Ligand code: G3H
Ligand code: 13P
Ligand code: ZN
């Protein structure tokens, strides 16, 4: 059995210079697709479930599904992570259902729509860190509000993230504040804002530095070289998938995601977790459309789901290879939660934020 914490996995990724894609799941097919891809290339995995996924599948179904995936693939270290936890209760109940890691997204208030102030974010994130570390689970915090620099924040098509306009400053994580935040909260990983947003419609053109501010990642890494950075909204929305979706009756306006080469640039600057949901959705639904269009008499759902699962598996495998995750599963000896808890209590895992934080630019 290989249920691993985010902290142990990202420590390993940092030591070896790779990143781990964190794929969202809502159902069995997505879970199997990720594990098949991981097994093919010997990659450790992060599977994450949003609050929406937990209410869609139900906690009981989800937690037993993860147990089954873990038992089916005992050689693949599997981190189960709560995506965008909005309060202490969401995070605590995730841990109670076997999640080894939680995101406390205190950049937004509990409604997950209103931008929160810094003090609120620090206080709630620190409370979640305290409760999670008691049992050895890891915590990802977020500083800065995810949203489009082109649109000034809001206008996220899938209802995720801040509602309405926010200031340009709020959309880019402040490096000085990041140092303070990590020290004050003791998070294991830090999600930062640099112009990405959730969903398919991230950029209206191939992004350059004006709308995808990778320099912010590099600056934060310079100040916090020991902190694991997380990129949200990191689907690439590949053109071939857009084309396939539209070829078979879809109506997706032309859009651009985060180019893989920009993510690889981030990995050289401390990015260790890369969140991808939209690409997996698109890979599957483009295939649904194709099957529906080409086999108009088909009514067996497996004839839709099996090729869709294969498409998602191929996408996941490609990301494992591109991010350098491939080949590392067998090199990790999983540390149990109880030992992680002991290490936190002993102060052995406290963030090291004093190294280069004050080096002048
Ligand atoms: O946070 C955004 C993820 O893509 C999850 O989306 O809440 O629709 O499951 P969801
Ligand atoms: P995408 O919508 O780009 O896949 O981002 C997913 C994400 O950040 C989940 O937290
Ligand atoms: Zn996200």
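Quick reminder: no glycine exception, Cβ is built from N, Cα and C everywhere.
Just one of 81, 84, 97 is listed by TrEMBL for the same Zn(2+) 1 site as 198, 232, and that one is 84. Together with 233, 234, 235, 275, 276, 277, 278, TrEMBL lists one candidate of 199, 324, 327, 330 for binding dihydroxyacetone phosphate, that being 199. Taken in sequence order, the binding-site residues 105, 142, 199, 234, 276, 278 that lie near ligand 3, meaning a CB under 6 Å from one of its atoms, form an empty set. Residue 235 (dihydroxyacetone phosphate binding site) sits 8 Å from residue 198 (Zn(2+) 1 binding site), taking the Cα positions as reference. The Cα of residue 84 (Zn(2+) 1 binding site) lies closest to that of 142, out of the binding-site residues 142, 199, 233, 278.
Checking the binding-site residues 105, 142, 198, 235, 276 against ligand 2 with a 6 Å cutoff on the Cβ atom leaves 198, 235, 276, in sequence order. Put simply, of the recorded positions 83, 105, 142, the one whose Cα is nearest the Cα of residue 199 (dihydroxyacetone phosphate binding site) is 83.
The two recorded residues residue 142 (Zn(2+) 2 binding site) and residue 275 (dihydroxyacetone phosphate binding site) have their Cα atoms spaced 13 Å from each other.
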